[in-house]
Structures are given as C-alpha cells and as structure tokens.
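A.B. asks: Okay, so TrEMBL annotates it like this:
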type	residues	note
BINDING	A18, D19, I20, G21, G22, T23	ATP binding site
Amino acid sequence: MTPILDSSELLRFPILIADIGGTNARFALLLDAYADPKTFPVVQTADFANIDDAIQAAVLDKTSIQPKSAVLAIAGPVDGDEIDLTNSPWVVRPRVLIEKLGFEQVVVMNDFEAQALAISSLPASGQKQIGSGTAREGASRIVLGPGTGLGVAGLVRARRMWIPVAGEGGHVDLGPRTPRDLAIWPNLVPIEGRISAEQILCGRGLVNLYRAICITDERTPVQDTPAKITEAAADGSDPAAYEAIQLFATYLGRLAGDLALVFMARGGVYLGGGIIQKIIPLLKADDLRAGFEDKAPHSALLRETPLFIITEPLAALTGLAAYARNPRFFGLETNGRRWGA
Ligand SMILES: Nc1ncnc2c1ncn2[C@@H]1O[C@H](COP(=O)(O)OP(=O)(O)OP(=O)(O)O)[C@@H](O)[C@H]1O
C-alpha cells in the first residue's frame, strides 16, 4: 500500500509537470530548482487510451531522464485514488503511475489551481493588459479560461503565501443584459433548463452561441466547430460567426467582472484557456472591457481593476514549475492529493 505523504515535504527532482485538459496534454521536465522547464510537444488526449501511455510515449520514450516526481494538473475534481477527467475518458491512478512508470511521488491538482499558481508570477511578456487599472500588491487575483470547458480559480495572498482557490465557477448562471441578448437567449441550448456560463463560454458553448444567433436571425448555420467559427469570423464570410466571437468576448468580460466582485480582485483578473489566444486578433478590446466594467453600483471599482489576457500558451506549466520548485511559497492543500512510493 503506497502511503499518502505530508504536504510540506519537498518534491524530489527531476520532476515531470503536466497540464492535462479535455483536449490537449502538455508536458515538461524540471531537472532541478534552477533550470528552465524542458517542454515536450503538446499531444491530444484523444490519441492515447490513458494517461500512462501518453506519459510513456510523449515523455519517457523521448528522454533518458527518469523523473522521480510528477505534478499533474487535470481538468476535473481531484478526489480519491481514481481521478476522472471531466471532458475525457482518461482516469488518473497515481498508484499505478508509481508502480508502472517508476515515480516516487505524485501530486495531482485541478488544472485551474495550476492556472492560479501561474498568475502569481506571470512575466509581463506572457500577458496583455486590456484597458485601465493597476494591480494592488498582495490583493486577490482571479483567473478564468474558456477551453474544452470553462475553468475558474481565485488566488489569495495570506500568511506570506499564495493560496489557490479552485471551485466550479464556470457553472454559475449567465443572464441576458441587452435587447439583443434577450432575443438570442431563448435560442441557446440550456442545461437542465438554465444557461450556465459554460453553455456559452467554452468551445462547445461558442458553437451553441453561433447557432442561437443563426436561429434568431433566421439564417442556416454553416459552421460546426469552434475553429471554423473563428476562421469564418476572421475572413468575413459569415456575419453570425463574427457576432458570435464579439458576444463571446462581451460575455466573458461580464463574467470576469462578476468574479472580480466576488473576490475583490484588485490584484488583477486574468483570462486564460486555449480559445482566448486564438481569438485575440478578432477581439474588440473595448467591448470586452465594457462588459467587465458594467457593474453598477461598482463600476468605479472595476475601472480601477486591471484585466489581462494570458498570452503565454503554457501558462499552467509555468505555475506548476513555480510550485514544484518552492511548494512552501504556496498554500496548496495536498492532503489526499499526494502519493508516495
Ligand atoms: N481557432 C479556434 N477558435 C476557437 N476555439 C478553438 C479554436 N481551436 C480550438 N478551439 C477549441 O478550444 C478548445 C480547447 O481548448 P484548450 O486548448 O484550452 O484545451 P484544453 O486545455 O484541453 O481544455 P480544458 O482545460 O478546458 O479541458 C476546444 O473546444 C476546441 O474546439
């Protein structure tokens, strides 16, 4: 029986770090506390039957280095010894990773906890500010990111540590605000009768929004994937696709503003995830920012709050690397989420 380790124990190098989403799996190796992470090509989760095969093929077969520890960020709640991914058939079994792949220690966290770790120390080159506002030192931060799903996490500073707070914030309600929204809303596909943020603000949600716009305008939908919607919006061939991208940004701004209010995130609000990076060239930053600030009676508070797009494509890996090097700088609760040989 492999014991669950105490969370204050340092991790042994070399350390494999991994960001496992519903669509993409990203891996890197940390040789010691000082070297930059050695990254490996991004792989698709659908190309491998399970995470063990993916780690073997994408990392272990490509290097002679045998990692001693693994720090894995996965898109799903971390609970027990068999951890399911929300949008993929993979199941992470830390004890199997230890027995089969030779790890001595495995830590598993939620992928948005990793994003939260990343925004503690994102370099200026990895982010782009949208609109006004200056980050207050030591104030709370928020990260939200549309990808296969919609992830949300807070980052709170206390007792000289950064504490990530991951929840299920992607599933809050998203309501209509303008006459155009009121026309579109009845045509969105709901989940059990309601429009949660993730019904719009993720890959499948973008398709839902596009189709709803087409129904509202009595047009035949042409695009059937998020990437095709972005492409058609960019080349100007489909006005519904263009509007879908613009409204996606406005709604993302609104949700970001709501979450900023919840966390009083004067330290900054960060937009991550795979989709935002792909639609940056099409975004009207003013619309995004207007949705963010439209929070009466607290618009003034939001005007002072900085909003950033994360442009670093491997942000979660930088967060995992920061944690793996210095776990004690972060108040990450690892009880029940850390396994040892
Ligand atoms: N050009 C594009 N425009 C808009 N969406 C896109 C584009 N290309 C891919 N996507 C969508 O991005 C989503 C994948 O996002 P991401 O790269 O963040 O994956 P992920 O990390 O596996 O997701 P998650 O962490 O949410 O499970 C998919 O829904 C995909 O259809």
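Backbone N, Cα and C define each Cβ position, glycine as well.
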A.B. asks: For the ATP site given as A18, D19, I20, G21, G22, T23, which other residues of the same chain have their Cβ within 8 Å of the site's Cβ centre?
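C.D. replies: Going along the sequence, the neighbours appear as N24, A25, R26, T45, A73, I74, A75, L85, S88, D111.
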A.B. asks: Would you count the other CB atoms within 10 A of the CB of A18 (ATP binding site), including those on all shown protein chains?
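C.D. replies: Other Cβ atoms within 10 Å of A18 (ATP binding site): 26.
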A.B. asks: Go through D19, I20, T23, the listed binding-site residues, and name the one with the sparsest Cβ surroundings, counting other Cβ atoms within 10 Å.
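C.D. replies: Per-residue Cβ counts within 10 Å for the binding-site residues D19, I20, T23 bottom out at T23.
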A.B. asks: Of the binding-site residues D19, G21, T23, which ones put their CB under 6 Å from ligand 1?
C.D. replies: G21, T23
A.B. asks: At a 10 A cut-off on CB-CB distances, which of the binding-site residues G21, G22 has the highest count?
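C.D. replies: That would be G21, with the highest Cβ count within 10 Å.
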